[in-house]
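Worksheet for the structure shown next.
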Amino acid sequence: MSTLIAAERRARVPLRDRFGLPDTRGNRPLLGAATIDSLGTGLVLAFVVVYFATTTTLPLAEVGAALTLARLLASPTAVVVGPLIDRFGARRVALAGNAVSAVAYAGFLVVGSRFWEIVPVAWAAQVGAVTYWTSSTGLVALAARPDGRPRWFALLHTLRNAGLAAGGALGAFAVGAGGVTGLRAAVLANAVSYVIAALLLARWRPADASPLRRDAGQRSGRSGGRSTERDAGPDVAAAGYRRVLRDRRYLLLIAVNLTLVLPSLVLSLLLAVFVTQGLHRPAWIAGALLVANGAQVVLTQTWVTGRLARHRSSRVVAWGAALYALAFAVFAMLPGAPGWAVVVGLVVAGGVYNLAETVATPFQEELSVALAPADLRGRYLAVYQLSWTAGQTAAPALFTLLAAHGAALPWLFLVLLCGVSVLLLGRLARAHR
């Protein structure tokens with residue numbers, strides 16, 4: 001009898017809730033834009049350096065220097081974008097970011113063999129990307145009520161991983177089969193994908209932005225008014241970034257994010273070097289772990305987030321940081337492990353790492369929105385984005401420096417960093433009550 005009752009209760013639960021999916025009614029253009037954007041990005045993500053090294057006569061070192069200079073010149077972008085989000089809304093700014101990216105990648109196709117021709121188009125591509133990513137979490141705030149945001153972040157994370165994986169496979173095929181022509185076709189397709197994503201965002205009208213306005217009224221002491229994406233008045237603009245820098249709770253979140261940026265970059269910056277040079281194993285093992293990561297995120301992200309949505313976000317992120325630490329501890333033990341245990345250890349550590357990512361990522365993004373007052377959300381998200389930029393800038397040099405002094409050292413450092421993250425998240429949870 002009890003089995004039948006349980007079965008009836010399960011049958012009453014909507015299929016959407018069983019898989020941890022959000023209500024997407026009225027917001028499908030946003031999902032389409034995110035998917036197309038990721039698919040196009042995946043086409044060229046691994047081939048930007050290869051593209052310029054192949055289609056120009058510049059030596060590889062000069063290509064790298066041009067791309068590095070472009071990133072440095074684009075580094076203040078988030079600071080500029082924050083006030084624009086507060087004034088014009090996240091949707092319009094994200095649309096503009098996609099438009100800039102489309103123009104930038106179209107510009108790739110006409111670059112000649114001069115150093116200063118690469119810099120402006122690479123700079124524009126970076127500006128477009130930062131503009132979009134700074135405003136992307138604000139798009140979820142427009143699409144969902146606060147209690148539904150973690151599921152939205154999980155779904156977008158799933159679509160992003162699926163799009164990047166599919167785009168990467170298509171890009172690899174195009175480059176492998178078509179050479180220079182394939183490279184140009186991938187870049188052109190990426191530019192077109194940004195145009196499509198921008199058009200979808202232009203078509204999208206958030207079904208109900210009133211929760212955002214109510215939240216703004218509660219935090220600022222004013223009652224919410226008519227629904228609109230425009231949240232900042234002259235008095236708010238005058239406060240500027242000073243208000244963000246005086247918000248100790250949000251600065252604590254920034255410190256947490258700085259400790260978690262490096263763990264999130266392990267697959268792209270550290271894993272292959274560790275497998276091939278630290279463990280002296282073939283590169284295909286690292287590739288297989290990357291594929292497993294993408295598959296696990298795509299297959300389990302929304303379900304895991306749905307099971308965890310009832311818990312406080314800061315607590316869930318702390319659980320994710322603890323899982324990261326466990327995975328890194330296993331990685332750190334592998335250089336001294338017997339041969340048979342190395343592959344097993346890589347699989348176990350990789351699986352735990354993937355679980356940590358699926359646990360922590362949506363709730364990190366949720367915290368970045370939930371702790372930011374709606375009337376200055378753009379500036380808050382800009383500062384949050386800067387913490388990502390800082391970590392991404394420091395990571396390559398830090399990882400290689402540590403790895404040069406021992407294969408286990410980067411992992412031990414990451415274990416320590418995750419421990420600091422757990423402690424900071426404990427303080428954040430108390431401050432968030």
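Cβ coordinates come from backbone N, Cα and C, glycine included.
Under the heading domain 'Major facilitator superfamily (MFS) profile', TrEMBL lists 1-433.
Marked as transmembrane segment by TrEMBL: 30-54 (among others).
The annotation transmembrane segment is assigned in TrEMBL to 60-81 (among others). Within the chain carrying the transmembrane segment (60-81), a Cβ under 8 angstroms from the stretch's Cβ atoms is held by residues 48-49, 52-53, 93, 97, 115, 118-120, 122-123, 125-127, 130-131, 134-135, 241, 378, 382-383, 385-386, 389, 393, all 6 or more beyond its ends.
The transmembrane segment annotation in TrEMBL covers 93-116 (among others).
The transmembrane segment feature in TrEMBL is assigned to 122-142 (among others). Within the same chain, residues 30, 37, 48, 66-67, 70-71, 73-74, 77-78, 81-82, 85, 89-91, 93-94, 96-105, 107-108, 149, 152-153, 156, 194, 206, 209, 212, 229, 365, 368-369, 374, 377-378, 381-382, 384-385, 388-389 sit at least 6 positions outside the transmembrane segment (122-142) and bring their C-beta atoms closer than 8 Å to a C-beta of that stretch.
The transmembrane segment feature in TrEMBL is assigned to 162-180 (among others).
Residues or ranges marked as transmembrane segment by TrEMBL: 186-204 (among others).
What TrEMBL records for 211-233 is region 'Disordered'.
Annotation source TrEMBL lists transmembrane segment at 250-276 (among others).
Positions annotated as transmembrane segment by TrEMBL: 282-304 (among others).
Remote same-chain residues near the transmembrane segment (316-334) are listed as 256, 259-260, 263, 266, 274, 279, 308, 341-342, 345-346, 348-350, 352-353, 355-357, 359-361, 363-364, 367, 408, 411-412, 414-415, 418-419, 421-422, 425-426, 429 (criterion: CB distance under 8 Å, separation of at least six residues from the stretch ends). Positions annotated as transmembrane segment by TrEMBL: 316-334 (among others).
Summarising the annotation, TrEMBL assigns transmembrane segment to 408-429 (among others). When Cβ-Cβ distances below 8 Å are used as the criterion, the transmembrane segment (408-429) is approached by residues 249, 252-253, 255-256, 259-260, 262-263, 266, 270, 274, 278, 312, 314-315, 317-318, 321-322, 324-325, 328-329, 331-336, 367, 399, 402 of the same chain, each at least six residues removed from its ends.
Among the stretches 30-54, 93-116, 250-276, 282-304, the one making the largest number of Cβ pairs under 8 Å with the transmembrane segment (186-204) is 30-54. If you average pLDDT over the domain 'Major facilitator superfamily (MFS) profile' (1-433) in this model, you get 86.
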